[in-house]
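Worksheet: the structure to be examined is printed underneath.
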Amino acid sequence: MCTRFTWQSPPAASHFTFNFRFVFFLYFDCQWRWKFFAFSMNVLLKNQQLTIPKSIQFYLIQSIFHLNSLRQFRRTAVHRRARRTNSEDDENNRNAESDLERNLYLHKSKGQHLLTNPRVLDKIVRISRIQPDDTVLEIGPGTGNLTLRLLEVAKKVVAVEIDKRMLEILRKRVSESGRQDKLDLLCEDALKAKFPQFDLVVANIPYGISSPLVTKLVYGANPFRSITFLLQKEFARRLLADPGDSEYNRLAVNVKLMAEVEFVMDVSKRDFLPCPKVDSSVVIIRPKAEIPTVNLHEWWAFTRACFSNKNKTMAAIFKQKKKVMELFRLSKMSGSNGEHGITSRNYDFAAAAADDDEAEEGETSHEQSCRACSCSEMDMCSYMERINEVLKANGFEGKRPSKLSNEELLNLLSLLNQAGIHFHGQTRPQNAENEARPAAVRR
Ligand SMILES: C[S@@+](CC[C@H](N)C(=O)[O-])C[C@H]1O[C@@H](n2cnc3c(N)ncnc32)[C@H](O)[C@@H]1O
């Protein structure tokens, strides 16, 4: 049996529906969701045969006009604000933008959002306190909106850019300014490049490489005075987080060991071309005057173990058989790595940071650990027991990594090391000469 569907004409249009259609047409130049909303309301009210008093109809029409003009006003204001600057800035930005329109397709995958607000650019340069004899490292110069300003105040700028098309535009703009002798350009991936000596870093970086790049600089071999970075707002908040904050995480812990992070300002997404989906923040990272004496490989492995479950208690973290087995495997494995001579100089912390971002999502499987570990069940149990004894004896059992300060974490690591528990085989006493040394020094 089949049911026949017959179309029945809708009830005669009431006075209201006529007016509501008018409202619908007023919305015609608005976004699709408003159109959809107006259309659904029209159908709904028509089928219900509802009538709405004339005063409310009038009010509705008025609000739509009001909304439209507000939106228009906001668009104009943002546009005007982005352009408000002195004439030279205007000229430079216009040239770059017209170059872009003619030649460039901006790749979101490479984080190509150019900072166009001159007031923000000026402030970034001002707060970086660049001296006339400084060499500045800039990662991702793009078309050079920031580079041109850096060249005005620094002795030299070393710019590392992955996109050749950007470099062409940058070269052209810099030679027009007559400062090409002060600029060294490297067409490379900043994560793989070997940076020459520099005094400080100032950059609006591609947000996709924030974590390994910060790690590479803070744990790298180049001493620096400060790093001024424009970062995604959420990432900046994570860097700035303190123990107990919901954003507190392993990256903050590792960076805070070596450096201090200071918030400078938030930057609206409307200050970029093209406009990204997220807001940004400027932060300054300065190396600590005194860095605790700790083996960085050991610290790295320890914080990795703690922060993969940062809200569990320490006892719960180190009771997970899979986790402890993984630790035991790593400590054995890196013991053998010592023969290959991993030292702070050649250990790639940036690559490890990139790996860790993924590792926090999923760990090695139980079977993988067992296979790689090749240890007896008894060895493993005694390792686990020793960890738990130290936690209990020193009151760390019920504490959560996300609430512990770096001092407390350092203390716990030292207690565990004293009890013969190492998270990275290379750090055992016989390899003490491999002690990792931080590159960050205050100058
Ligand atoms: C957010 S844009 C900043 C552009 C410019 N500094 C500005 O503020 O207008 C990031 C720039 O970094 C470049 N970039 C992306 N990934 C990179 C990488 N791995 N190494 C070096 N540069 C990279 C992009 O091509 C782009 O020009």
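In case you wondered, yes, glycine gets a Cβ from its N, Cα and C as well.
Contacts of Leu115 (S-adenosyl-L-methionine binding site) defined by a Cβ separation under 8 A and a same-chain sequence distance of 6+ are given as Leu121, Asn145, Leu146, Asn204, Leu230, Val267, Asp271, Phe272, in order along the sequence. Annotated S-adenosyl-L-methionine binding site per TrEMBL: His113, Leu115, Gly140, Glu161, Asp189, Asn204, in sequence order.
What TrEMBL lists as domain 'Ribosomal RNA adenine methylase transferase N-terminal' is 120-289.
The annotation region 'Disordered' is assigned in TrEMBL to 424-443.
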To which of the binding-site residues Glu161, Asp189 does the lowest count of other Cβ atoms within 10 Å belong?
Asp189
Please find which two of His113, Leu115, Gly140, Glu161, Asp189, Asn204 have the most distant C-alpha atoms, given that the record lists them as binding S-adenosyl-L-methionine, and give only that distance in angstrom, rounded to a whole number.
20
Taking 10 A as the limit, how many CB atoms besides its own sit near the CB of Gly140 (S-adenosyl-L-methionine binding site)?
21
Measuring CB to CB from His113 (S-adenosyl-L-methionine binding site), give everything in the same chain under 8 Å that is also at least six residues away in sequence.
Leu106, Phe272, Leu273, Pro274, Cys275, Pro276
